[in-house]
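Novice: Reproduced below are the annotations present in Swiss-Prot:
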type	residues	note
BINDING	G95, A96, F122, D207, E208, I209, Q210, T265	pyridoxal 5'-phosphate binding site
BINDING	R125, S264	N(2)-acetyl-L-ornithine binding site
MOD_RES	K236	N6-(pyridoxal phosphate)lysine
Amino acid sequence: MSHLFPTYAKWDVTITSGKGTKLYDNQGNEYLDFVSGIAVCNLGHCHPKVVAAVEEQLHSFWHVSNLFHIPIQENVAALLTEQSGMDAVFFCNSGAEANEAAIKLARKATGKHEIVTFTQSFHGRTLGTMSATGQDKIKTGFGPMLETFHHVPFNDIAALKQVVNEQTAAIVLEVIQGEGGVNLIDPEFAASVNHVCQEHGILLIIDEIQTGIGRTGTAFAFQQYELTPDIITVAKGLGNGFPVGAMLGKQHLIDAFSAGSHGSTFGGNPLAMAAAQAVLTEVFQPNFLQAVQEKGKQLLSGLNEALSGLEIVKEIRGNGLLVGIELQEEGAPFIKQLREKGLLVLNAGPNVIRLLPPLVVTSEELHEAVTQLKEVLDQASVHA
């Protein structure tokens, strides 16, 4: 009998160890991991530089509270602000917490209370971030959501313009809706959102929780578009598996988050900061990010060449190493078959297979994954 709440639909796999792009279960099976803890282990499992950094901090101190000056927090904040164009950082423990902080900051800084998000978005499972999320399925049974959130269709600028008003504090935007189906933002829509924010004095919050920290081949995905955010949220890949999140903001917002206005007991924990510093030092190297771009191109071109002619495949889309394969039917049976063959992938909605390999994946491993996907989906097309 399990003593855990059954909040997760668990796979029938028990992982015992991991190294690089590989995971191993209690039956001795090896898996090529194209889930990465859901875009978390960007440097793969047990990356030696992250292990060494956390191990060193373990022998120093683990926690002293944010009443003290903690130099490693400043180091990580400097790395984040330098790469993002932001000016200040609030550390927390997860993406939902980062988005909660962003929502609070937007309301306090502007004195307004309405926030616009998009259908099929995902921003977290706290009451505030659940209200922000544009997917009804995660809200079932939890009663009324906060009424100050408005959801409009993604990539629909006319719908957005109809909703914004004098009480709109912020627009929250994902450049790629990872959980919602790997839906890519239209470049013209991105530029139009930016213009609407500037024209009406609305804060632009970009949720980079799944796309940030190099996943798309740039430090942050928004940097590939005409977007000038006031706030950015990150988590997932920031600690490579160590729980850490962050909200980044511009200079004009700093005074709104004065002492006592927000906080987190464990936010900026020294162990988490050690992991994050090691991750950012590695990922934010130009050669590393360039390699991610090249791997992303290889993955997309390989998938298009191998799968585009299959009847079951509706569309292949992605950016960098965040890729979705939309099918004509539900993806769950194929995800299970791939897992049984040693390739771990996951869904993004019912009909999309999502690929999130570690950013350190090799060219050979990308080819291996494409081959496995072709075998499974080709068989399905033959039987259709």
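These residue numbers are counts, starting from 1, taken along the chain as shown.
Heads up, the Cβ atoms here are built off N, Cα and C, so glycines get one too.
Describe the structural context of each listed feature in the structure shown, including burial, neighbouring residues and relevant distances.
Specialist: DSSP gives G95 (pyridoxal 5'-phosphate binding site) a helix state. Sequence-distant contacts (6 or more apart, same chain, Cβ under 8 Å) of G95 (pyridoxal 5'-phosphate binding site) comprise H123, G124, D207, I209, Q210, T233, V234, A235, K236, G245.
For S264 (N(2)-acetyl-L-ornithine binding site), the Cβ neighbour count at a 10 Å cut-off comes to 17, with all displayed protein chains included. Secondary structure at S264 (N(2)-acetyl-L-ornithine binding site), taken from DSSP and collapsed to helix, strand or coil, is coil.
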Novice: Work out how many Å separate F122 (pyridoxal 5'-phosphate binding site) and S264 (N(2)-acetyl-L-ornithine binding site) at their Cα atoms, rounded off.
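Specialist: Between the alpha carbons of F122 (pyridoxal 5'-phosphate binding site) and S264 (N(2)-acetyl-L-ornithine binding site) there are 22 Å.
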Novice: Using DSSP and three states only, what is K236 (N6-(pyridoxal phosphate)lysine)?
Specialist: helix
Novice: Show which residues of the chain containing A96 (pyridoxal 5'-phosphate binding site), separated from it by at least 6 in sequence, have their CB under 8 Å from its CB.
Specialist: H123, G124, R125, T126, T129, G245
Novice: Among all protein chains shown, how many Cβ atoms are found within 10 Å of the Cβ of K236 (N6-(pyridoxal phosphate)lysine), not counting that one?
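Specialist: The answer is 28.
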Novice: Indicate the candidate from Q210, T265 with the smallest number of other Cβ atoms within 10 Å of its Cβ, considering only these binding-site residues.
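Specialist: Comparing Cβ neighbour counts within 10 Å for the binding-site residues Q210, T265 gives T265.
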Novice: Taking the Cα atoms as reference points, how far is E208 (pyridoxal 5'-phosphate binding site) from S264 (N(2)-acetyl-L-ornithine binding site) in Å?
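Specialist: Pair distance, Cα basis, whole Å: 20 Å.
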Novice: Tell me the Cβ neighbour count for D207 (pyridoxal 5'-phosphate binding site), meaning other Cβ atoms within 10 Å of its Cβ, over all protein chains shown.
Specialist: 32
